[in-house]
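*Asks:* Submitted below is the structure of interest, expressed as structure tokens.
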Amino acid sequence: MSISNITVFMPSVLTLIGIPGLQSVQCWIGIPFCAIYLIAMIGNSMLLIIIKSERSLHEPMYIFVAMLGVTDIALATTIMPKMLGIFWFHVPEIYFESCLLQMWLIHSFQGIESGILMAMALDRYVAICYPLRHRAIFSHQLVAQIGAMITLRAAILVAPCLVLIKCRLQFYHTTIISHCYCEHMAIVKLAAENVQVNKIYGLFVAFSIAIFDITFITLSYIQIFITVFRLPQKEARWKAFNTCIAHICVFLQFYFLAFFSFFTHRFGAHVPPYIHILFSSLYLLVPPFLNPLVYGAKTKQIRIHVVKMLCS
């Protein structure tokens, strides 16, 4: 039997079924997801307004926080409208090209967020280990260059995933994606051809970004802790360490959710599919939801201006 008789050739439309096994209650699942999205949008928008309007916050640390806020808004907005369309309005169809674009945006924004966390760790390393040279090293020009490099790195590394799918994969077993957004492996698994190259490159992108960024973050904090514990006064040690608490919390929750989602997806053969989908969706939505709350609660300068804004 020829492959064309049992497969679909270059489908123009794909179908996202949402959360497999929970389709009957998806309308209720959409309520907390929508609440998380709205809180993330409001929280990150407030952070951006405060950082932009207060000249005292035009420092590298807060500029990176603003970059993180923009990335969080973009990432959440990339997936939530379509997800709510599936949950509430029963509109599961998506054009093939639109699905590839959503996949590229999601994975690019994930790479950008990881890169920003690395840049924030380097900023804290210079600020604590070389405080007198921090302003000279981390100029606004360097911060802008770091932001551009992080964005280009993610966009360029993820782009071949689109090319490999579009050019290599022409025949598909089905057009139904068991997911609520377009994820790389979810699309690749539909193909009726050899997808080994796609899988290998996808793993290469994920591990190259994660290993590079985690290595730099870990080395930065090892040096920070060595420097902090060498300070003679307890108050000075606590003050230096306090500037890192918010970033450590954001870093831990981002990578914990990332690795948990990754390993359950690839090695959790006995885990129900809806658990995979729920955790992979929360992995994309929880960081944008938590990041403004963490920085608002743990960063004194931002907390003061948030209180001022709410009181006024």
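From the backbone N, Cα and C atoms, a Cβ is placed for every residue, glycine too.
Annotations in TrEMBL come from automatic prediction, not curation.
As the structure is a computational prediction, the values presented were derived from the model and not from experiment.
Take a look at what TrEMBL says about it:
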type	residues	note
TRANSMEM	28-50	transmembrane segment
DOMAIN	43-295	domain 'G-protein coupled receptors family 1 profile'
TRANSMEM	62-89	transmembrane segment
TRANSMEM	101-122	transmembrane segment
TRANSMEM	142-165	transmembrane segment
TRANSMEM	200-228	transmembrane segment
TRANSMEM	240-262	transmembrane segment
TRANSMEM	274-295	transmembrane segment
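On this model, are these features tucked inside or out on the surface, and what's nearby?
*Replies:* Counting residues 6+ beyond its ends, the transmembrane segment (28-50) has Cβ neighbours under 8 Å at 19, 22, 57, 65-66, 69-70, 72-73, 76-77, 80, 83-84, 87-88, 281, 285-286, 288-289, 291-293, 295-296, 302, 305-306, 309 in the same chain.
For the transmembrane segment (200-228), the list of distant contacts is 107, 111, 114-115, 117-118, 121-122, 124-125, 128-129, 153-154, 157-158, 160-161, 164, 184-185, 188, 237, 240-241, 244, 248, 251, 255, 258, 262: same-chain residues at least six beyond its ends, Cβ to Cβ under 8 Å.
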*Asks:* Mind pulling out the one from 62-89, 142-165, 240-262, 274-295 with the most Cβ pairs under 8 angstroms to the transmembrane segment (101-122)?
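*Replies:* The stretch with the most contacts is 142-165.
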*Asks:* Mean pLDDT over the domain 'G-protein coupled receptors family 1 profile' (43-295): what is the value?
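*Replies:* A mean pLDDT of 90 is what the predicted model shows over the domain 'G-protein coupled receptors family 1 profile' (43-295).
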